[in-house]
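Notes follow the structure.
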Amino acid sequence: MGFGKPSSFLAFSILVLCQAGSLQAQPLRSSLESLPDPAALSEKEGRLLLAALVKAYVQRKTNELEQEQEQEMEGSSLTAQKRSCNTATCVTHRLAGLLSRSGGVVKSNFVPTDVGSEAFGRRRRDLQA
């Protein structure tokens, strides 16, 4: 380690501290302090101020209601969509539905196999008799 790095850091930090000390922040004032004294307002100015405040309040509430309605519309469209399921039961049901909807197309090309309740057991009994 050289002495150049700590000395440059020290010089930089002293410069920052000097600049920070010379800066002064302005005090924040609330919006109520900037308003003139309500007793000093004329009746016409008071009505105009009240009308402006009511208009701003109504506009803000209208925007909030519109946003809520948009969110509800997005939420209802999501619930209306069909959820996909990849479990064995769901896949089996989908395949059964596909076969039942296809109707005669699959049945006309279907070659029956010799499986069922009589396929294995009856032959053994018939052979023994």
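Each residue's number is its place along the chain shown, starting with 1.
Including glycine, each Cβ sits where the backbone N, Cα and C put it.
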*Which of Cys18, Cys90 is the other half of the disulfide bond that Swiss-Prot records for Cys85?*
Cys90
*Can you check which residues sit near Cys85 (disulfide bond), meaning Cβ under 8 Å from its Cβ, same chain, 6 or more apart in sequence, and list them in order?*
Val91
